[in-house]
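What follows is a single structure, written as structure tokens, with notes after it.
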Amino acid sequence: MTDIAAPSPGARRLGLSPDEAAARLRRRHAAEARFRAYGIGAIALAGIFLVVLIGDVIIKALPAFTEYRLTMSVTPTLEQVSSDGTTDPQALRGGDYDAALRAGLQQLFPQVTTRALRRKLNNELLSSGAAMALRDAVLADPAIIGHPVTIEALLDDAADLYLKGLMTGRRQTAGQGQAQVTVDGGTVLLRSTAPDFARILAGIKEDLRGQAAANRREAARLAAAAAATSGEGQREALSRRIADFEAKASAAEARAANAEAPETLTASRPSQLVFINGGIVKLTEIGAAEARGTVLVPLANTDAAPAGRWEIVTLTQPEADRRLDDQVIAWLENLKQRGLVSSHFATRFFTSGDSREPEQAGILGALVGSALTMLVTLVLCLPIGVGAAVYLEEFAPKNRLTDLIEVNINNLAAVPSIVFGLLGLAMFLNFFGLPRSAPLVGGLVLALLVLPTIIIASRAALKSVPPSIREAALGIGASHQQAVFHHVLPLAMPGIMTGTIIGMAHALGETAPLLLIGMVAFIVDVPGSITDAATALPVQIYLWSDLPEPLFQAKTAAAILVLLGFLFIMNGLAILLRRRFERRW
Amino acid sequence: MTTMPNIELARAATAGAAEKAATKIVARDVNVYYGDKHALHDVSIDIPEKAVTAFIGPSGCGKSTFLRCINRMNDTIPICRVSGRIEIDGRDIYDRSLDPVQLRARVGMVFQKPNPFPKSIYENVAYGPRIHGLTSSKAELDEIVIMSLKRAGLYEEVKDRLGAPGTGLSGGQQQRLCIARAIAVNPEVILMDEPCSALDPIATAKIEGLIDELRENYTIVIVTHSMQQAARVSQRTAFFHLGRLVEEGPTEQIFTAPQDKRTQDYITGRFG
């Protein structure tokens, strides 16, 4: 008892001089500071990645959350909207609502008379969804037939993209001098007192010089290749091409050298639109002081426009490289000037199913599909998973069979999800003959996927309940089952919930097994039951990401945001449940 | 250390009459095995009714193991095997026809570490009567809960907060709550496995006083590491060593005139 204080004979005294001790201390502090710095660095790096990732997705998704609509007046006549001249809903359903819209558009642009232009006006401005919206309005209230009604028609995705500034760069410069307008046959001649056009011309000349230089370089490269080659025929072919490039370069140089010579604007150059006197002129030929162009939107008059009252709009993406030509853009610009197009929050994105038309495509179908799938998964997984965990942890005899089951459950948790998809395809679709693409089958497959996770998490939660609680219950005469269900299970519930929700969140983002059981189909209707064909959020993202339209790219990002939002909500719920029900003892 | 037990023996002696009381529990040739380990060798003991019997002995000597045989708590350990015979009121508790759950309602248990359920004080006490269907109405249940808390000497301290969580009480109060919970099902025997080892001296004193009161109605078997405690609260004492029951007899005799050398060594503090 008392020999603790006495030094034991074998102990060596630690002899450190004060300097050595201080040095050791410094080294230890430095090591601790270094370790802390590594930790902060790692966290900061992860944070930056996360911010960049989410920020990028949000920026890409923003265009999907707004849509442009055209406010227009239409008068749906009975002849147009009814297939048999009655207001019978069946007849109204088969009506030609496009005709009513066409008439409305014609009213907006009465000057458009040629057949080709009218077709362009009818086809390229409005979404096909506009006619459906009008049909729904007429079906809802047939009394509006024959009367002018103001509707907000959804614009086509290309028009929508242009207005959002995603189709082409747009540079607007106010006219510096006074502009005179002369109508000259089918074209308009514009003359400015200031070098407004000269600037553009100088830009074109600069481009020409660049082209010439590029041609020269190419010619030089070919010449070097020709010098190196031995074949006579090959050399001849090369020399022809060299001559060709040289000629092009010389021509471009000649044009560039003559600074005053007018240039023609082709579709492969940025378009120049002149907004003047309420109309829009597209420049086709440009000189130092004057420019010639065709009228896209008629001018109100041919008065001279003072400086600052007219402007030149440059569309940096050449007409040949974009989906909308200058004519449609001019109409859109004109509508915008008249205050008829406006941006709205795209509730459609959350209230409609998928569509071939990007402006009409919504997430609701996938959302409901995912929700139904998750419902099936949860209904299957929670009772089976928790039941299996309770049995294995609390009641099962410890023998070889239960050991085998345990090892296999742990192995199943590591099986790639696509294997479960194949299993689902073979079992549920081919053997049991369940419907393809249905949330029921998706839920079954995901349940298989999530079960091991839930069982493992639930067993861990059950194991972490202190044995004293079990003993307390048994000690006052509770049966084993009562002890488990009255005391152990409630205490394990937060852990089980957390495991379940994390497993469900995992299942929510799972794509591969759903592809195999056919939930990858293009489905427009919002599913109404678990046996309807449906798709799921991650599959919808996958489908949209594959489509070329820029608006679908935006919708892909928006769908990712929706999915992430769901995951955040689910994980938040898991944390909340744990906080709320966690009990200390 | 060596003179300690004598201080408290006077009180134990006054209760010496209990020796003549009827025998409640009879154990004969009880052997317990944990897998290959032979934990308890041929224990035979008679435990008197309405008296406190203390089991003392060094750690790992088998006293808790034997205690847990009396209400068949060892059944919950899969590798544990019990042979021999234990009778309560002449009935073999290891009989096949006897339901261990039923037995545990008759033989309550209080554990080393206070282990109230993470529920309200009321629910802690009401749980036993509820699962055994002892009451038919809420009023009856309330009565049982209040009575049990009163008997456990806890009622005055918690009567205003029966809805508060039992885990929020102090250690001594929690242990008294566990005792109230045990007596709420009206057992005949209460087993206590080192009930004061996690408590401070004041809480210990309260529990000891409580044990002294409870022996009027219950047969109490207590395992303790503290010889003072055994001397203070028990009428009979059994000394276990290395899985064997070395000596058993009236407390005063064990502490003043032990028959066995090992008992003497233990109570005088030479080992343990």
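Just so you know, glycine gets a Cβ as well, placed from its N, Cα and C.
With a cut-off of 8 Å between Cβ atoms, the residues of this chain six or more beyond the transmembrane segment (A:37-59) that come close are 557, 560-561, 564. Among the features that TrEMBL reports, transmembrane segment is placed at A:37-59 (among others).
TrEMBL lists A:363-392 (among others) with the feature transmembrane segment.
Residues or ranges marked as domain 'ABC transmembrane type-1' in TrEMBL: A:367-574.
Residues or ranges marked as transmembrane segment in TrEMBL: A:412-433 (among others). Proximity of distant same-chain residues to the transmembrane segment (A:412-433), defined by a Cβ-Cβ separation under 8 Å and at least 6 residues beyond the stretch ends, is recorded for 441, 444-446, 448-449, 451-453, 456, 510, 512-518.
The transmembrane segment annotation in TrEMBL covers A:440-462 (among others).
As annotated by TrEMBL, transmembrane segment applies to A:482-502 (among others). Away from its own ends, the transmembrane segment (A:482-502) comes close to residues 378, 381-382, 385-386, 389-390, 394-395, 453-454, 456-458, 460-462, 464-465, 469-470, 472-474, 570-571, 573-575, 577-578, 580-583 of its chain (Cβ-Cβ under 8 Å, at least six residues beyond either end).
Long-range neighbours of the transmembrane segment (A:557-577) within the same chain, counting only residues 6 or more positions beyond its ends whose Cβ lies under 8 Å from a Cβ of the stretch, are 54, 57-58, 60-61, 64-65, 349, 363, 366-367, 370, 494, 497-498, 501-502, 504-505, 508-509, 537-538, 540-541, 544. According to TrEMBL, the feature transmembrane segment maps to A:557-577 (among others).
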